[in-house]
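Asker: Pulled these features from TrEMBL for this protein:
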- 332-355: compositional bias 'Polar residues' (COMPBIAS)
- 322-355: region 'Disordered' (REGION)
- 78-96: transmembrane segment (TRANSMEM)
- 146-167: transmembrane segment (TRANSMEM)
- 188-209: transmembrane segment (TRANSMEM)
- 229-249: transmembrane segment (TRANSMEM)
- 261-283: transmembrane segment (TRANSMEM)
Amino acid sequence: RCVEVFYIYFRAGRVEEPYVSITKKRQMPKDGYSEEIEKEVGQAEGKLCTHRSAAFLGSAPQLTLQLYICVLQQEITAARSIFMILSLLSIVYGALRCNILAIKIKYDDYDVSVKPAAYLCIFMWRSFEIATRVTVLVLFSSVLQIWILPVVLLNFFVFFFYPWILFWQSKSPFPENIEKALSRVGTTIVLCLLTFLYAGINMFCWSAVQVKLNDPDLINKSQNWYRLTVYYMLRFIENAFLLLMWYIYKTDIYLYVCAPLLVLQLLIGYCMAVLFMLVFYQFCHPCKKLFSSNVSEGLLSCFKFLCFICKPPKSTVLTDKAEVKSPENTDEAWSSNKTIDSQKWNPHQSVSSNA
């Protein structure tokens, strides 16, 4: 599969076969007038990423199955370990290429140069994310075999229908410019396969290339920090829940495994993935100067928002203060009433004494 990918990549510059490519229409000045031209955006990169994503969907279930067999048989042979390492590297490489393609598509007007530090951060980010995700799914499926099916189907259908729901809410016309040779039925099949690929990737890790069906390029070029934050928060909660279910229903095959330590390691591993992702976007992203807001500002705004939510309203604070001061006020009022009453009765007492 890897040889096929590189063969197509190096052959793409000389001979082009019919392929669904990303095109962009631009207005170019010519002789004082504006002329509209179509430009293919990253066709060779798009082919490489598409084939790597297809390899991703093959290697990710394969890695999950191999690890599942090793857990049930309580044995990791040399051949299995080699194949699992190759599968993991294949998945990580596919996710890395999709990250680079997303950057080049979003910032097509700029000369993008990705430094080695950026590659290292992406590699570490994707390695921790995918490895922990696969391990969590394997542990959960080893003790609750039937319940893994609803978990997988729920993840898949949510990400499969999410681009279509956004498309129907936008009330945009049906995309017609994907490929001129395709009919409406063919275009629908291509879009379903695209969302199928998108859902399969998001089941294991965050897809850097976000599908947007109401966009002419079918890709969301905006940097949506909110969607990224929601994805990783929900994924962390899901992983923690699956690990909790595994810890409760673990069988005798985990008798010699320190379960709390393993749960802690997996959660820390996922947090390490998020940490490398933040380092990449904050320091190593090749176009970080073009961001309207960076990661630190986004985190600061999130903390302010959380503090605003956790902070009680002013009316409650004033009421609490009033309740706290009320005993003292009542004592003062009682003492003042006593002085007033004493002052009222003093004249009578003086009159009686004079009498």
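Placed from the backbone N, Cα and C atoms, the Cβ positions cover glycine too.
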Asker: For the transmembrane segment (261-283), find every same-chain residue at least 6 residues outside the stretch whose CB is under 8 Å from a CB in it, and list them.
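Answerer: For the transmembrane segment (261-283), the nonlocal Cβ contacts are 117-118, 121-122, 124-129, 131-133, 135-136, 139, 232, 235-236, 239-240, 243-244, 247, 291, 294-296, 299.
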Asker: Which residues, given as numbers and ranges, are at least 6 beyond the ends of the transmembrane segment (188-209) yet have a Cβ under 8 Å from it?
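Answerer: Tertiary neighbours of the transmembrane segment (188-209) are 20, 49-50, 53-54, 56-57, 60, 91, 95, 98-99, 101-103, 105, 126, 129-130, 133-134, 152, 155-161, 163-164, 175, 178-179, 182, 218-219, 228, 231-232.
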